[in-house]
Amino acid sequence: MADLVTYSNADHNLEQALITLKKGTQLLKYGRKGKPKFYPFRLSSDEKSLIWISSSGEKRLKLASVSKIVPGQRTAVFQRYLRPEKDYLSFSLLYNGKKKSLDLICKDKVEAEIWIGGLKTLISTGQGGRSKIDGWSGGGLSVDASRELTSSSPSSSSASASRGHSSPGTPFNIDPITSPKSAEPEVPPTDSEKSHVALDNKNMQTKVSGSDGFRVSVSSAQSSSSHGSAADDSDALGDVYIWGEVICDNVVKVGIDKNASYLTTRTDVLVPKPLESNIVLDVHQIACGVRHAAFVTRQGEIFTWGEESGGRLGHGIGKDVFHPRLVESLTATSSVDFVACGEFHTCAVTLAGELYTWGDGTHNVGLLGHGSDISHWIPKRIAGSLEGLHVASVSCGPWHTALITSYGRLFTFGDGTFGVLGHGDKETVQYPREVESLSGLRTIAVSCGVWHTAAVVEIIVTQSNSSSVSSGKLFTWGDGDKNRLGHGDKDPRLKPTCVPALIDYNFHKIACGHSLTVGLTTSGQVFTMGSTVYGQLGNLQTDGKLPCLVEDKLASEFVEEISCGAYHVAALTSRNEVYTWGKGANGRLGHGDLEDRKVPTIVEALKDRHVKYIACGSNYTAAICLHKWVSGAEQSQCSTCRLAFGFTRKRHNCYNCGLVHCHSCSSKKAFRAALAPSAGRLYRVCDSCYVKLSKVSEINDTNRRNSAVPRLSGENRDRLDKSEIRLAKFGTSNMDLIKQLDSKAAKQGKKTDTFSLGRNSQLPSLLQLKDAVQSNIGDMRRATPKLAQAPSGISSRSVSPFSRRSSPPRSATPMPSTSGLYFPVGIADNMKKTNEILNQEIVKLRTQVDSLTQKCEFQEVELQNSVKKTQEALALAEEESAKSRAAKEAIKSLIAQLKDVAEKLPPGESVKLACLQNGLDQNGFHFPEENGFHPSRSESMTSSISSVAPFDFAFANASWSNLQSPKQTPRASERNSNAYPADPRLSSSGSVISERIEPFQFQNNSDNGSSQTGVNNTNQVEAEWIEQYEPGVYITLVALHDGTRDLRRVRFSRRRFGEHQAETWWSENREKVYEKYNVRVSEKSTASQTHRDRDEEEEDIPH
């Protein structure tokens, strides 16, 4: 059941309680036959009857016939299945002259208080203010304002009720709570954090049930909203449904305790789910921002929730809020009528026409309209230019705000970039300023986009029959990019400009997105303009340059409401159906997936709901549905899968929420179900409740592990040992006494509200020591056992969640007394010191754990990065290796092909292919470039050859001759350089390699003058190249124009040949060389002397 939010106004609190009763809940009903069963109970709209749906149909109990309300399990019907542990959650309504009773058990303590207090108020009012609650002194449930309200969780709500003589007119009076200010986000309460309930003669405390303390922002339970008659709409309550990217109460802690920061997570809700609130609300209007939302109830109260940033929630505290929370500072002074949310601020309009703003003002001087960049954490009224004006509505963009007065005057303020304020310039306005170009005209609607604004302005139109009527025309201004202004171009407009393409239509509502504008005519037609991305225009044929009509499924519908998110649109028709289209990320369209929709598509999950209002946030959507009570037909089908019960599909009740489910949807069991007879046994729960209870169990286990006795340091261990020695003398008897009390309480199986941890100054220390020894602090705080017999033997009295007078002896319940317990003062002091030591050790160990965890996370990230880099390097190496292998194979193949071609040439055929395309000759040598410079690979090859062949030897054709003189070398070099261009295929490759290499060589100096002349004649030389005959032997050949070849020189490697070895080799292999290369041989081929020319060697060999 929902928790109470406290107010200072008694009428508000009474109305809040009645709203809760009208919405109803699942209660466990006892009968005269059979076992107890779950039924939905609610209060009728006229507040005169109590209605529930049983297996035989709807039943009613008129409150006028109820003569008495009896808390506890005292009737004979309860005795059939007595559950003492649920005594404080039970009550009975006696009617028909106390002859019959309606016996019920509530889910938790707060729910019981609301039902008992609300029914008591109605019965007392109906019977002249005479109280009918047994044991109550005629007063209602009220609050002692002088007492301090306590809570064990930041998000919990507590109330203190006093048993006094309050007037019947104000029976349900609860004071507001001031939550502690903290920079940490609001952490959901857990089962281990439930405060112990202390009862005395004057006060009691209420706390949210542990089973409901851990909640997600949206509920998985199906709502009972459905279509109803128009006559009931005024009395129906408003439920909020929400879908898209929604804030979740799973908080992630980053860093160690000293520098810890908290990250609030968000979850994607793909279909509409009812918003789960800590209170039961009647929502009238809702507004959605980027990371927060707000709504206004029918009672004029404003609630906000979401991620806190600069005070935009208005609670005055710097922490996130997961469930709607009352903005107390504004509700206490004014009744709110309208609310709007921007990205960093929030605006609210009261019934008195006052405008309040709050939020982060540091982003822009004029964002809040107060003339400064100061952030306001609570609502602040805007005066100045609005003094004396009645504000009717307001619209918020990320950086500017627009408002309309009751007389239709339009004011804007904030950042004026792109002329978004409509004042004819781009200046920032710090206070609300009227748009002068629309002065004298009545503005009926306005909407703020990111950098553009749109408004509907009434224009007097003269008809053909000379009559004048007012018609709403669409005006836009600001940034014209993406055609969002609808003027057919992308130019900005600094002042409001009427959209000419829509001049013939009568508009009355407008909405703006990021790059989108949507208008609604009085005839129910929807026009869109702007970017076509994600299909947000809802028309497949448009290019977005001009406004287009949204038809398709809306062609036969009458649209009543429209709303825009950043990139999606929602429309509400007259048949209360919701259509959405545009971007589908995060499930913001509500169709159960993440797909975009380019045409309007109905939201099936809301098809059987009566929707009365819609609102879009940046990436989520919300709707207000009229709440209708569960019908008999809905009781005959599963609350989750909506399938009807039958012979094979049996119905089961969830022991946590009480709703009916089939076996498939409630096949799991869990401990600590709210409506379970025993918390220590497994009971059937639905799937959604199982998830919630599992989370609570996990948190409890974590808390138990954290509360275990830590390993002590040396200094603290010595201190603890000394304390144990002092306690050993007399501590045994006291611990035995506590164990005996626990064993008796376990047999009795009851909980007490009077055995409080805060009642006696000595008992808390004993209990704390016991918790430290048993490593079970959380369990001890959650359930302090009730004793069956008081040690002092005093007379027992009844115990109930409400403080009241003694009941008759027959219904008395034993209560413990602490008067018989006595412990020396030294024990309490020693246990306090021990507890402090343990707490210090826990803090140290937690700090170490957080530090090590953080280091481990960093190292894991670094390891992942290293592995990723290694994989990338291996992939790159493998790729390069594959390329290298392929290149080598290609080279080998080309060389083999070239050799085959050379072998096939007939004798005497000139060789035309002196080099390959890649610059390699047949033997793999690289030719230099045309400019005389060699490539790097050629240079390396040339250098290698030069290093192994440093000697030059000259020879005559078929004979040895004198070496060339040094002065002949330049001529030979010149001759060689001039011979190469004769072949066009060699001209691109430059001179041959022999120009740079003049190693151990023989020159062909034939005595045949004609032969020598033929070689030296540059006109007869066609090509020259070098070939390797065998390792260490390099042959220089010349191709002549007549098709013959001549041998120019032979070079030998110094590493393989000496001077005489080279001469010997040549004399032995000369004929073979001539025969192999088909070189003409001179008739005079006698060898001549050979000598070594050192000067030529030094000149030709490169250094």
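Every residue, even glycine, has its Cβ placed from backbone N, Cα and C.
Annotated features, as they stand in Swiss-Prot:
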- 22-123: domain 'PH' (DOMAIN)
- 144-233: region 'Disordered' (REGION)
- 353-406: repeat 'RCC1 3' (REPEAT)
- 407-458: repeat 'RCC1 4' (REPEAT)
- 471-522: repeat 'RCC1 5' (REPEAT)
- 524-574: repeat 'RCC1 6' (REPEAT)
- CYS654, CYS657, CYS686, CYS689: Zn(2+) 2 binding site (BINDING)
- 783-818: region 'Disordered' (REGION)
- 828-904: coiled coil (COILED)
- 962-988: region 'Disordered' (REGION)
- 1079-1103: region 'Disordered' (REGION)
Point to revise | Arithmetic mean of per-residue pLDDT over the repeat 'RCC1 3' (353-406) | key: 90
Exercise for review: Tell me whether CYS689 (Zn(2+) 2 binding site) sits in a helix, a strand or coil according to DSSP.
Suggested key: helix
Revision key, fill the gap. Taking all protein chains shown into account, the Cβ-based neighbour count within 10 Å for CYS654 (Zn(2+) 2 binding site) is 29
Exercise for review: Count the Cβ atoms, other than its own, that fall within 10 Å of the Cβ of CYS657 (Zn(2+) 2 binding site), considering every protein chain shown.
Suggested key: 26
Practice item. Return the residue, from the listed binding-site residues CYS686, CYS689, with the maximum count of other C-beta atoms within 10 angstroms of its C-beta. Key: CYS686
Study note, to complete from the structure: According to DSSP, CYS654 (Zn(2+) 2 binding site) sits in coil
